[in-house]
Amino acid sequence: MEKNLPDIFFFPNCVNVFSYKYSQDEFSNMSKTERDSFSLAVFPVIKHRWHNAHVVKHKGIYKVSTEARGKKVSPPSLGKPAHINLTAKQYIYSEHTISFECYSFLKCITNTEINSFDEYILRGLLEAGNSLQIFSNSVGKRTDTIGVLGNKYPFSKIPLASLTPKAQREIFSAWISHRPVVLTGGTGVGKTSQVPKLLLWFNYLFGGFSTLDKITDFHERPVILSLPRIALVRLHSNTILKSLGFKVLDGSPISLRYGSIPEELINKQPKKYGIVFSTHKLSLTKLFSYGTLIIDEVHEHDQIGDIIIAVARKHHTKIDSMFLMTATLEDDRERLKVFLPNPAFIHIPGDTLFKISEVFIHNKINPSSRMAYIEEEKRNLVTAIQMYTPPDGSSGIVFVASVAQCHEYKSYLEKRLPYDMYIIHGKVLDIDEILEKVYSSPNVSIIISTPYLESSVTIHNVTHIYDMGRVFVPAPFGGSQQFISKSMRDQRKGRVGRVNPGTYVYFYDLSYMKSIQRIDSEFLHNYILYANKFNLTLPEDLFIIPTNLDILWRTKEYIDSFDISTETWNKLLSNYYMKMIEYAKLYVLSPILAEELDNFERTGELTSIVREAILSLNLRIKILNFKHKDDDTYIHFCKILFGVYNGTNATIYYHRPLTGYINIISDTIFVPVDNN
């Protein structure tokens, strides 16, 4: 469906687009093309103003029940009006008088084509649209947006590239085409903060109709923004809530969905047309109950995120529109061209609001000499922070690969630099308290972080990035450090330049960068289970296909050996984390055990019942040998004795030397089995 967005339906960015009410005199002076733009108002008016409305007679004049109170009456017969009263906004017949809006209400019946609307209908749609506050203009003021979506406060002023009229037109055309859309743009153009808001607006106006060429029944469904982490759900929902002029969730168009969500973050009066911010796992549980699907941070290749893309592509007729958003397509463009049916690619040009300077610090050691490379890197980091120092009251972010390195680098820097040092990563619980200290401190703050800070939290006073250029890629029973991809570099660099000019200092040779095929270092059981649930054909229906298909088929055989029905697996997928697939054997045993095991997965509280139940699974690892790493750590070289990876090697760190065997409790907890 090719359809352009008329100017009068632009979302108010409060820079060069404002909420506006048009007068009948303005309509009289418009060209035919401008007048015809009002025909599209029939769709939001039918949904939000005329739904369940009827004709009343108010002071002798026929009106819609949404205009005035009055007794329900039979509608009058309508021919061409004898007179038009622009001031009273009424059509006058010899026998009766009818409001502009009531005339349109009676004329706009199912299957009427909108290009057949005459001036009389359009004038009524203008009045109904004014009452809904759905129109916009290039003149106005912020306060005119109060009440547009039931908001008590005005919309935020947004100068970002994604809300310019040009971008709004392009995004609307892609959205209404029902083609899958791949949207890119530099960090800072407003992809995550503004595009979902824009799609919410389009959904409010036109969502649920099968066509915008004629009046049809509608099926209203919300928009969903699917995100890889709870921190992102909370961050982006709060940003958009405030920018739409709301201070509380209840009654707003914003809802949140994630596991163990607190009561105060539940919208008890959600809007049918609204937007749901959800973690990927919960998005999958009700994927087809949403009209527009937005998947953000596609470049991260979160496992469940990639599965959502595969499911949505397989069942694209069940979703009105799908948007994949990513900072860069460096690694995925060719795959998306082949994988998605007739995709539309949109790039929002633009950069961060402020200039970002780049500085390269060369490490003279080859990365293959790992320990020497890191020692040189730490020395270089101290020198770089001394040379390129954030101003007082500002902060810098040091990107390292792992939580362990956060502590290692913090300890090293504290001994050599006089600045406030903090650690932030996904397992830190008091991030808000840390940020309060960072924002209130008159000193320089240095924050050491994992890739978590690439997107999960926005730090408003950061001016410098110090990027080691590495990431820890988890793998079954282990993992390894790798150099980052270009998309990760872009994300890290884009943490500055949003509020003030920024500096990006990097400590790695650009030739070391490479794309990361995460699926090749993941447990694959979710791909099997969701493929069964959504009738995916493996491996061709997967967005990213594993390099080693043998592991995929071994995983399928292992899951089949559990002798759990597809129906039961689907219930387990919807209700439990199952961080280890073997937990499924326990979840099906009894409701009491399932409840305690679920609590362990959510909170980490390990009861004796859960401990003994997991130990009964005999998830055993054999210790081959060990070596001393430092004062309180020993590295153990082991062999896996269960599951898909039976017979493969693993490395485990422990505070004392172990021999014999250990039993796995979780991905981070194990129990030594002495003399066995």
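Keep in mind that glycine also has a Cβ here, set from the backbone N, Cα and C atoms.
Since the structure is predicted, the reported quantities are computational estimates derived from the model, not experimental observations.
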Annotated range (Swiss-Prot: motif 'DEXH box') out of 4-7, 296-299, 364-367, 672-675: 296-299
Other CB atoms, at most 10 A from the CB of K191 (ATP binding site): 24
Number of Cβ atoms other than its own within 10 Å, given for G190 (ATP binding site): 23
